[in-house]
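Have a look at the structure that comes next, please.
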Ligand code: KIV
């Protein structure tokens, strides 16, 4: 299949599969496994850098990991998260930071929330495709708490209105994280661009997960994740056997 780009993604004839990678080896494995989109998420902060949440992640850290991932991806669309603080100040700074991520190898950027539509529009005007992200947005964990969003009628209406606003601003796809299935389904039906869910049920246009949750590298994944492997266990066993053989 030709490289899925941000312009033909909405014409994909299948549900979209998106997974995170932060380094060359995982990027290569995901690309060879036929995922549609490799996301260099700012979950990098929790997963690879050991931070408590995504808030401390810097542009410099994102650039290093986007470069590593881009070296491993030949086919999939590579999307990079704009980290907290990289797009809120003003649209000009947001465009400059999006350009840094594209120069590092990203095909597109992802922005959390719908509070900075002028930044979204300016980045798109600069020729960089933007993916939106609504529902539970980890960069706002201190404000939202770690919980399902859009359970009440008002908050559900706000998420739907924000999704429409992001589409109108030109986003090529929207991630919906931790919202009720009915709201995710309604949003997917109302948008022309794909809605990619995480903990949002099956009635959407694709799914995204943090790869280490999926493969059991991180051992306490969120409850909506079906753990498909026990990589942490495999590593512990291999290291244990090695230590025994060394004769330590
Ligand atoms: O940073 C990330 O990995 C994400 C996904 C959870 C969608 O934003």
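Heads up, the Cβ atoms here are built off N, Cα and C, so glycines get one too.
Because TrEMBL annotations are produced automatically, they should be read as predictions rather than curated entries.
Since this is a predicted model, take the numbers as computed values, not measurements.
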Same 3-methyl-2-oxobutanoate site as 42, 43, 110 according to TrEMBL: which of 13, 81, 162, 205?
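Answer, per TrEMBL (3-methyl-2-oxobutanoate site with 42, 43, 110), from 13, 81, 162, 205: 81.
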Can you tell which of the recorded positions 42, 81, 177 lies nearest to residue 110 (3-methyl-2-oxobutanoate binding site) in space, using Cα positions?
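Nearest by Cα distance to residue 110 (3-methyl-2-oxobutanoate binding site): 81.
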Which chain-mates of residue 81 (Mg(2+) binding site) that are at least 6 residues away have a CB under 8 A from its CB, listed by sequence?
39, 40, 41, 42, 43, 44, 54, 57, 62, 109, 110, 112
CB neighbours of residue 177 (active site, proton acceptor) within 10 A?
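I count 22 other Cβ atoms within 10 Å of it.
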